[in-house]
Amino acid sequence: MTALNKSIEPGDSPDLTEERASGTFDTNAMAAVIYGSDKFAQRRREISEAISKIPELADSAPLPFLDRFGKVTEGSRKLSVILENIDKLIDPSSYEEGLHLYTEVMGMEGHPLALHEVMFIPALIAQASDEQQVKWLGRARRREIIGCYAQTEMGHGSNLRALETTATYSPETQEFILHSPTITSLKWWPGALGKSANWAVVVANLIIRDKNYGPHPFMVQLRDEDSHEPLPGITVGDIGPKMAFNGGDNGFLGFRNYRIPREYLLNRHAKVEADGRYVKPPHAKINHSAMIRVRSHMATGQGALLAHALVIAVRYSAVRRQGYLEDKSREVKVLDYQTQQHRLFPSIARAYAFIFCGFETIRLYDQLLIDVQNGNTSGMADLHALTSGLKSVVTYQTGEGIEQARMACGGHGYSMASYISEIYGVAIGGCTYEGENMVMLLQLGRYLVKSIEMIQNGKSRELGPMVAYLAENESEIDLNLGPNEYLKVFEYAARNQTWRATEKFQKLRNSGMSNEKAWNQASVELTRASRLHTRLYIMSTFINHVGSIVDQKVKGVLIDLLNVHVTYEVMDIGIYVQGLLSSNQMDLIRNQLYVSLETIRPNAVSLVDSFQISDMQLRSVLGRRDGNVYENLFKWAKSSPLNKTDVLPSVTQYLKPMMEKSKL
Ligand SMILES: CCCCC/C=C\C/C=C\C/C=C\C/C=C\C/C=C\CCC(=O)SCCNC(=O)CCNC(=O)[C@H](O)C(C)(C)COP(=O)(O)OP(=O)(O)OC[C@H]1O[C@@H](n2cnc3c(N)ncnc32)[C@H](O)[C@@H]1OP(=O)(O)O
Ligand SMILES: Cc1cc2nc3c(=O)[nH]c(=O)nc-3n(C[C@H](O)[C@H](O)[C@H](O)COP(=O)(O)OP(=O)(O)OC[C@H]3O[C@@H](n4cnc5c(N)ncnc54)[C@H](O)[C@@H]3O)c2cc1C
């Protein structure tokens with residue numbers, strides 16, 4: 001058995017061994033559920049094993065001890081080792097295998113190919129014509145060029161219609177002239193733009209004969225392919241250190257009347273003919289498809305980040321002993337405290353829920369991509385609304401869960417040895433990138449308001465399946481019946497809040513207020529409706545997914561986890577269900593939650609082991625698989641560059657003279 005399995009190895013901490021022995025299911029079987037198939041879960045283990053046999057792929061020092069320059073260099077160094085060995089490590093045509101390889105070796109601090117894989121190649125797939133794909137996609141996939149996705153500007157990110165960069169068509173030369181008219185029009189933030197990328201998909205306003213056709217994607221060469229120097233007319237560089245992602249080079253970019261051929265407008269959907277005639281795309285927002293793709297993948301991505309933090313916090317909580325319960329002869333594992341369980345177990349449930357919900361959302365995206373390629377864009381609005389809400393809720397709750405995991409590790413959680421703050425920094429970036437959360441919740445809000453208006457106009461039958469519940473009436477709730485009854489509680493809360501928020505908006509508008517002002521004054525209520533609607537979707541996909549599991553032991557523990565989830569979520573939205581549930585029913589749910597925390601306790605370590613995140617990938621002293629935290633914490637501290645000498649130059653230069661002076 002590999003070190004990642006539930007196996008117990010000589011030298012493991014007896015506390016973790018005891019936890020693994022109490023698990024009731026096979027962690028490999030659970031991993032198959034988490035990663036979608038036994039085959040892929042097995043491939044992940046094989047890839048991790050293969051990586052561990054190439055010493056050059058290991059970090060040359062713990063990443064927190066590297067400065068920014070060191071992190072960027074380390075990322076590129078490891079990337080070159082990966083590429084030398086790629087055929088030994090993965091099937092290079094598999095996106096999922098590549099993602100696992102990158103996550104394991106490169107970590108989560110950013111690297112030159114992150115945005116190339118996540119946005120540049122997908123943008124080419126979705127928006128480049130067949131002919132353009134022949135020209136660029138193969139080169140991108142073979143990594144002959146490194147690309148990024150340059151949309152956001154210093155002055156404008158959320159409001160795409162206000163982007164300032166222009167691409168003006170010149171029929172005489174059949175070129176687009178890219179220009180950045182102001183400081184605020186500088187592209188700002190794109191990952192890998194600063195120093196690594198030599199090509200970019202640039203989003204700029206298409207101007208033909210003084211008419212602005214709005215943001216469109218253009219393929220733009222930024223740097224010379226031999227010298228890597230920026231081309232004339234291009235200003236490009238790194239935007240400086242960030243909360244996290246400091247191994248990545250997020251960049252700025254400006255154009256001075258920079259010319260590109262007419263064929264460089266990505267023209268699968270919209271075209272400009274040689275004479276300047278504009279051919280409209282089949283849907284006005286089709287150019288947003290690269291964003292929809294990332295948003296569709298964010299539930300699984302964020303679930304994985306939450307999982308990282310929980311592996312660390314739960315394993316550490318099983319070896320950390322502090323205080324006493326009944327037995328006063330030995331301090332107790334902190335995982336036995338109800339408060340610790342309440343802090344961590346609902347987050348374990350959310351991590352599973354996000355991953356399962358992500359499967360469904362990715363499936364919907366893949367289907368939409370096929371539909372759109374066949375000219376059917378009717379599903380775009382639904383997926384846009386769904387993914388807008390989902391990315392907002394999962395990123396926020398992931399951030400909350402990771403921060404609780406950090407606090408659950410006490411003082412050592414605050415040390416970079418835990419690595420939790422890095423995970424937190426990366427995860428909460430997701431609250432902002434790919435659409436600022438409030439802005440995205442309001443996009444879903446628009447969709448919900450429109451759905452209510454359909455009901456008001458007698459068109460309930462035309463509602464899609466995800467919003468059909470908005471037209472239903474309340475029914476009696478019997479909470480002894482299990483998760484589906486909790487779903488009804490959530491439906492009640494989401495329906496009630498959506499109607500209230502819509503009615504508030506309509507009342508304000510009917511009072512003579514402008515549409516925009518009424519919207520703004522109802523917007524907090526609308527975001528609340530969006531969150532409840534999204535949490536309902538997450539809960540229902542969790543319930544459906546658990547229902548489909550075949551392995552009975554795995555299913556059993558997931559039902560226990562589902563019970564943690566539904567009771568915790570309903571307690572968390574108590575204020576929205578006061579009209580439905582009596583205080584006795586609320587007490588009943590609270591008690592069910594406490595019982596389910598106890599039920600899940602013996603499986604807590606096995607549930608996080610099942611994520612099968614290797615020590616290399618985890619980069620955490622507290623979260624080590626073997627649980628030998630203390631000796632390794634001391635080793636880690638001793639490896640700090642500050643400890644290379646006993647007396648630092650800063651002491652000799654400043655502190656010693658100060659102390660000497662004070663003696664006089
Ligand atoms: C693939 C795996 C990725 C997994 C990542 C997950 C986890 C991370 C783990 C590790 C990290 C590793 C690497 C990743 C690192 C970094 C980050 C990665 C990527 C970041 C890249 C970016 O951030 S790119 C820039 C993103 N920018 C935005 O998202 C801007 C947000 N703004 C908008 O999207 C739009 O401006 C808008 C939607 C807010 C408004 O659009 P606008 O055109 O102005 O439209 P409106 O007038 O408001 O609405 C009109 C109408 O259109 C509908 N609509 C809008 N958009 C769409 C759409 N896409 N589809 C369909 N319909 C749409 C809108 O609802 C309106 O409809 P109605 O009139 O009917 O109401
Ligand atoms: C780590 C990271 C990586 C990124 N990578 C890329 C990349 O690769 N490519 C790229 O192009 N961009 C990238 N971005 C940029 C990112 O997409 C934008 O920062 C994001 O879309 C938010 O836009 P903004 O910065 O303009 O925020 P703003 O819109 O200025 O938000 C500021 C505040 O205003 C509020 N607000 C704005 N509009 C409204 C409204 N209509 N109603 C109510 N409130 C509103 C927001 O809620 C927020 O509280 C990245 C950003 C980060 C942090």
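Even glycines carry a Cβ here, placed using N, Cα and C.
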Range annotated as region 'Disordered' - as stated in TrEMBL, picked from 1-22, 155-176, 221-242: 1-22
Local Cβ density at THR152 (FAD binding site) - other Cβ atoms counted within 10 Å: 19
Cβ contacts of GLU434 (active site, proton acceptor) (under 8 Å, same chain, 6 or more positions away): MET291, VAL294, ARG295, MET298, LYS391
Mean of pLDDT values spanning the domain 'Acyl-CoA oxidase C-terminal' (483-660): 97
DSSP helix/strand/coil residue counts for the domain 'Acyl-coenzyme A oxidase N-terminal' (26-146): 89 helix, 0 strand, 32 coil
Other C-beta atoms that fall within 10 angstroms of the C-beta of GLY191 (FAD binding site): 27
Coarse DSSP state, helix versus strand versus coil, of GLY191 (FAD binding site): coil
